[in-house]
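A.B. asks: Feature list, courtesy of TrEMBL:
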DOMAIN    16-76  domain 'P-type ATPase N-terminal'
TRANSMEM  48-65  transmembrane segment
TRANSMEM  71-89  transmembrane segment
Amino acid sequence: NKRRIVLPDNGGQCKDWKQDSTFYPRNRIQTTKYTWFTFLPQNLLGQFHRLGNLYFFFLVVLNWFPQVEVFHREITMLPLVVVLLFSMIKDAIEDYRKYQYDKTINFTKTRVYDK
């Protein structure tokens, strides 16, 4: 269980290795797509890139005008809300599983072999 500190080669000895080591990013894996703050806007943007969701959204907007109203507003919104809700739940579960897997990969112990 040897530990070693690798310093950047800047042509001389580093006097303050902690300051130099904070300059470089951490070596970690991140495959998640969302964060807590970006989940709703990014997911809705991704959902409305699908043509079917845009069609149902167009029907919802069209039904808000009394001249064109065919069904009640709530009934027209129901298919869109159900599809968006199930897709969001599915995406959230998938992203959480990716987060858990990334966490296990990032905290596994590794060995350093010196030549």
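Every residue, even glycine, has its Cβ placed from backbone N, Cα and C.
Give me the local environment of each listed feature.
C.D. replies: Residue counts for the domain 'P-type ATPase N-terminal' (16-76) under DSSP (helix as H, G, I; strand as E, B; rest coil) come to 31 helix, 0 strand, 30 coil.
When Cβ-Cβ distances below 8 Å are used as the criterion, the transmembrane segment (48-65) is approached by residues 71, 73, 76-77, 79-80, 83-84 of the same chain, each at least six residues removed from its ends.
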A.B. asks: Find the average pLDDT over the domain 'P-type ATPase N-terminal' (16-76) in the predicted model and report it.
C.D. replies: 82
